[in-house]
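Annotated in Swiss-Prot:
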BINDING   ASP30, ASP78, GLU150, ASP152  Mg(2+) 1 binding site
BINDING   ASP171, ASP173, ASP225  Mg(2+) 2 binding site
COMPBIAS  470-489  compositional bias 'Polar residues'
REGION    1-96  region 'N-domain'
REGION    114-245  region 'I-domain'
REGION    464-489  region 'Disordered'
REGION    530-559  region 'Disordered'
Amino acid sequence: MGIKGLLGLLKPMQKSSHVEEFSGKTLGVDGYVWLHKAVFTCAHELAFNKETDKYLKYAIHQALMLQYYGVKPLIVFDGGPLPCKASTEQKRKERRQEAFELGKKLWDEGKKSQAIMQFSRCVDVTPEMAWKLIIALREHGIESIVAPYEADAQLVYLEKENIIDGIITEDSDMLVFGAQTVLFKMDGFGNCITIRRNDIANAQDLNLRLPIEKLRHMAIFSGCDYTDGVAGMGLKTALRYLQKYPEPRAAIRAMRLDKSLKVPVSFEKEFALADLAFRHQRVYCPKDKTLVHLSPPERELSVHEDAFIGSFFDNQLAIDIAEGRSNPITKCAFDIKDSSMQSFTKTTITISKRKGISKTDISNFFMKSIPPSKRPTKSTSLIDVTNVKVQRTHLANDISSEKQSIKSANEKAYVTPKSNSLKPGFGKSLSDISNSATKNENVPFLPPRTGVSKYFKLQKNTEKEIDEQVPSQSNNTTPTSAKSDSASPQNWFSSFSYQTPNSASPPFSSLSHTLPISALAKIGHDALNRKNHASLPSRRIVYKPPSSPSTPISMNPRPKGILSLQQYKFR
């Protein structure tokens, strides 16, 4: 569950990072976090106790992704329940039952998407699911440890013993246990948010420079897995009380005087037990192969306190649980002869190792998890076509064939004509580029050009009509002649030349080039010709007073610098 609002409070210390920054190091992973995310893929099957192993793919994908970036993962799973979390586990069980009933009702009504959401909330990750994942991880050479009780305390202990260099989790109370480097919200590509203990101690905000003791007390006051805390108290309120009363007992006495807070009668005892669970919970030591405390207690604990943080059991059972041979809840060995276990052991190994991974090609690394039918296919592009030469086309000699080719070019895509010089198989290779080349079999042959096409002639006639409608005011401008069907090179050059406009003529009126004039340009020509020697309007607006009304309202002179109502509205 974590501490509600803790990540939001520590947002200034959050840094966006990537797991590749930890290349060459070992990171501990909360395995149950991956399993809880993976149950979304098969929530319906797990809710109705159907055999499935779909949830293994997500966890294995994440572990292989860490290996790809040079990180050595160490997966840690939860063990048996703590007596101090009995009330929390009971509430979670009730919520799961309610979600299952609601999901079953939605499934019967045909609302399958909503039902699957409820089924994913009601699924409880069991030690059998963790055991299957342990076997699958071993096939890929990935190590794992099952904690005697909670994976949070086990991960922090491994970090204190320098067995791991950081922790990947979604549980914010990892910081309350005393973790130094925590990676939150890691996606399937390695992007994550990193919070380091040193950043909290050196925060710019003095109020957030929290030592580990104050951070732990603040979390207990607002509520955690081991106590519900004080009703109506959040993290900021708890921090304010701790800053005013550094001693927890004094802060609790001050809280009782606040009428807006509801402090339980036995909260002092709950606070002490929760503080013990965060500091001295029992964990497994891989070096000594035995159970130890997260941190050695300063005094001898009572029987009730010792049971609250997890009772002690013999070393052989601790080894069997840590290595995944025994169930951490029932303390019994897993029955491999069970039919479900036998079917799993036969099918789990199908998730084969990935070999020959190139670090520069991440797409090949994750491509094996995609079925061949759903893999993207590379489409043929123009670059893929080899030995293709550009075929030069010839202009038509006669006007009739040229008009037909121009008309066909406007109606459909241009088609390369066939020629005897084409290599065999060229049309087949070109079919990937142009579909029209294969559809149109009878393409007319275009002979070499002699003369000018009628298209340019029609264009010149159009320009001539426009020049007649918009006469030029410059005497130096000479219209382009378009009398003959064939234009000489000299006429062709003059038709594309620009005349120097007369300074006395309006703008754009003396240009005699033969480019086609748009409708908007023609409107501009007409407007300038109607007003001789007119210039384009400037941005400066000269105010003209309105005509005086028949009955003036006021004849008082207006002071200099004061705008009239018409001027004000116009501006």
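Even glycines carry a Cβ here, placed using N, Cα and C.
Overlay of Swiss-Prot feature records on the structure.
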residue : record                : Cβ within 10 Å
ASP30   : Mg(2+) 1 binding site : 24
ASP78   : Mg(2+) 1 binding site : 22
GLU150  : Mg(2+) 1 binding site : 29
ASP152  : Mg(2+) 1 binding site : 26
ASP171  : Mg(2+) 2 binding site : 22
ASP173  : Mg(2+) 2 binding site : 20
ASP225  : Mg(2+) 2 binding site : 23
Between ASP152 (Mg(2+) 1 binding site) and ASP225 (Mg(2+) 2 binding site), find the distance joining the two CA atoms and give it rounded to the nearest Å.
12
Would you list, in sequence order, the binding-site residues among ASP30, ASP78, GLU150 whose CA lies within 10 Å of the CA of ASP171 (Mg(2+) 2 binding site)?
ASP30
Provide the three-state secondary structure of ASP225 (Mg(2+) 2 binding site) computed with DSSP.
coil
Count the residues of the region 'I-domain' (114-245) that DSSP assigns to helix (H, G, I), to strand (E, B) and to coil, and report the three numbers in that order.
65 helix, 18 strand, 49 coil
Based on DSSP, tally up the residues of the region 'N-domain' (1-96) by helix, strand and coil.
56 helix, 15 strand, 25 coil
At the Cα level, what's the spacing in Å between ASP30 (Mg(2+) 1 binding site) and ASP173 (Mg(2+) 2 binding site), rounded?
12
Measuring Cα to Cα, tell me the gap between GLU150 (Mg(2+) 1 binding site) and ASP173 (Mg(2+) 2 binding site) in whole angstrom.
12
What other residues of the same chain, not counting ASP30, ASP78, GLU150, ASP152, have a CB atom within 8 A of the CB centroid of the Mg(2+) 1 site?
TYR32, VAL76, PHE77, ALA147, ALA151, ALA153, GLN154, LEU155, THR169, ASP171
